[in-house]
Amino acid sequence: MTTNAPAGSSAAAGSSRRLQQTQNQVDEVVDIMRVNVDKVLERDQKLSELDDRADALQAGASQFETSAAKLKRKYWWKNCKMWAIGITVVVIIIIIIVVWSISS
């Protein structure tokens, strides 16, 4: 029995050592997973902020498009008015020339 006691003791020590190694590995994996979860949460927050910025940019682009269309329409009408004024002036000048040439 004396010979079995040290063998049992060394087997228990080896088992304890393996258990400790396994526990250390588990602790290491748990730490890595905590870091990964933190990174995922940070990524989620950044994606959420990016999504908010994209929504704001889309709203700004839509507003810009509307304003640009209104401005285009405004200047198109201004251009039409200028053409109408120019044509009217030319017609009046032609009428004056014709009336002046007939009356002379």
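In case you wondered, yes, glycine gets a Cβ from its N, Cα and C as well.
According to Swiss-Prot, the compositional bias 'Low complexity' annotation covers 7-16.
Within the same chain, no residue at least six positions away from LYS70 (ubiquitin cross-link) has a Cβ under 8 Å of its Cβ. According to Swiss-Prot, the feature ubiquitin cross-link maps to LYS70 (among others).
What Swiss-Prot records for LYS72 (among others) is ubiquitin cross-link. Classification of LYS72 (ubiquitin cross-link) by DSSP places it within a helix.
Marked as ubiquitin cross-link by Swiss-Prot on the basis of similarity to another entry: LYS81 (among others). DSSP assigns LYS81 (ubiquitin cross-link) to a helix.
Taken from Swiss-Prot, the feature domain 'v-SNARE coiled-coil homology' applies to 18-78.
Here Swiss-Prot flags 1-23 as region 'Disordered'.
Marked as topological domain 'Cytoplasmic' by Swiss-Prot: 1-81.
As annotated by Swiss-Prot, transmembrane segment applies to 82-102, with the evidence given as sequence analysis.
A Cβ distance under 8 Å defines the sequence-distant neighbours of the transmembrane segment (82-102), meaning residues of its chain 6+ beyond its ends; there are none. Here the Cα atom of LYS72 (ubiquitin cross-link) is found 14 Å from that of LYS81 (ubiquitin cross-link).
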